[in-house]
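Below is one structure; the comments refer to it alone.
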């Protein structure tokens with residue numbers, strides 16, 4: 001169950017075993033990014049949090065990555081009267097809630113509400129997951145799967161990612177990258193499971209089977225995750241930092257605007273790749289497994305570039321991932337046979353996975369103090385969530401007008417070109433401020 005939230009007079013303390021044995025809880029000074037002890041950069045407790053974050057993203061973001069299966073199933077079964085654009089709203093609302101709730105969960109995490117956010121979000125996510133299996137009408141699915149599951153994921157996501165910064169600094173990109181791999185593994189497993197279950201039984205029982213798997217994994221994640229810096233009564237509150245002050249920084253504005261344009265087009269292949277393969281007459285095997293292949297390839301994209309980012313800088317690695325993803329969306333025009341579709345899925349999985357895993361370390365690297373990390377990621381994800389909300393429905397509406405996928409591809413790739421250009425400008429500004437090429 002969720003622990004009691006900290007009172008207004010709580011702050012954070014170093015809860016490492018060594019410090020507890022020495023002198024109990026120690027107050028964390030707010031202001032410059034210093035703490036009573038540097039992040040341990042490893043150890044059992046640190047890696048248990050990485051595993052827990054992996055499981056959170058497996059169940060949440062990983063399931064969202066498999067929405068392409070449900071998009072195709074809904075369009076041919078219970079919601080066959082709805083347009084692809086309307087059905088895409090279910091997945092896009094889910095992503096919007098996941099990202100935009102960061103404006104709430106980020107600052108609450110910074111103030112010590114890690115446990116209530118993680119436990120409450122997990123409980124709400126699973127409640128609405130099982131409610132989705134009972135939905136008969138489209139509006140019910142919008143509420144349960146779109147808003148309900150999205151809100152649950154949004155409460156869990158920022159705390160699960162941000163807590164890793166308490167355990168890792170030098171190896172932060174690698175730790176976050178490993179955690180984000182959970183969404184890739186989920187994106188491999190869930191499409192295969194859903195395609196096979198839905199071929200054997202009705203939607204409700206198939207969905208609940210997947211739900212029970214998620215329930216067990218979320219329980220494990222809640223048990224093994226804990227912050228290193230914990231609230232202690234009687235200590236002074238951290239100074240409040242208004243998120244509006246972030247918008248005075250040119251580099252931050254460029255980065256979050258670039259992330260907005262990338263998110264407008266990035267998720268189109270995740271939602272429509274299976275339909276794209278079926279439209280071009282590819283075999284059922286290729287169509288069914290295309291999304292799983294994409295997500296499997298993203299496992300490498302979410303680990304290799306992140307490991308390199310700890311040495312070369314997260315933004316230096318982010319830009320090639322953006323450019324590669326953009327080029328590959330344009331390349332969908334040629335992916336009309338089995339070989340082309342498989343190659344596209346592998347390459348797009350790698351480059352898009354690299355982008356998704358690196359954007360969090362980029363946001364975190366712009367924080368002036370550890371207590372800003374959650375808020376900065378949360379504010380950025382409001383814009384990302386808005387883009388995710390409207391991007392795929394726009395692509396779906398264009399698909400209705402041009403079933404050949406020409407218009408959705410041009411729209412998605414075009415807005416991503418703008419995002420790439422903004423990231424290049426942000427990198428130049430960040431390098432100027434820091435006085436080093438490693439940014």
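Each residue's number is its place along the chain shown, starting with 1.
Each residue, glycine too, has its Cβ placed from N, Cα and C.
Per TrEMBL, the features are as follows:
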- 1-11: compositional bias 'Polar residues' (COMPBIAS)
- 1-37: region 'Disordered' (REGION)
- 46-67: transmembrane segment (TRANSMEM)
- 87-106: transmembrane segment (TRANSMEM)
- 113-132: transmembrane segment (TRANSMEM)
- 138-161: transmembrane segment (TRANSMEM)
- 173-194: transmembrane segment (TRANSMEM)
- 206-225: transmembrane segment (TRANSMEM)
- 252-274: transmembrane segment (TRANSMEM)
- 286-305: transmembrane segment (TRANSMEM)
- 317-335: transmembrane segment (TRANSMEM)
- 341-363: transmembrane segment (TRANSMEM)
- 375-399: transmembrane segment (TRANSMEM)
- 405-426: transmembrane segment (TRANSMEM)
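Fewer than three CB pairs closer than 8 A are found between the transmembrane segment (405-426) and the transmembrane segment (341-363), and contact between the two stretches is not assigned (pairs 6 or more residues apart). Note: the stretches the transmembrane segment (341-363) and the transmembrane segment (113-132) are not in contact (fewer than 3 CB pairs below 8 A, sequence gap of 6 or more).
Within its own chain, the transmembrane segment (138-161) has Cβ neighbours under 8 Å at 52-53, 56-57, 60-61, 63-64, 74, 79, 82, 86, 89-91, 93-102, 104-106, 109, 113-114, 117-118, 120-129, 131-132, 176, 179-180, 221, 225, 360, 374, 377-378, 381, counting only residues six or more beyond its boundaries. Listed as Cβ neighbours of the transmembrane segment (252-274) (distance under 8 Å, sequence separation of 6 or more from its ends, same chain) are residues 65, 67-69, 71-72, 84, 88, 91-92, 95, 99, 187, 246, 287-288, 290-291, 294, 322, 325-326, 329, 332, 341, 344-345, 348, 352, 355-356, 359, 362-363, 366, 376, 379-380, 383-384, 386-388, 390-392, 394-396, 399, 405, 408-409, 411-416, 418-423, 425-426, 429.
Each of 46-67, 173-194, 286-305 was scored by its Cβ pairs under 8 Å to the transmembrane segment (206-225), and the highest score goes to 46-67. Non-local neighbours of the transmembrane segment (286-305) in the same chain are 62, 65-66, 68-69, 174, 177-178, 180-181, 183-189, 191-192, 195, 269-270, 273-274, 277-278, 317, 320-321, 338, 341-342, 345-358; each lies 6+ residues outside the stretch with a CB under 8 Å from one of its CB atoms.
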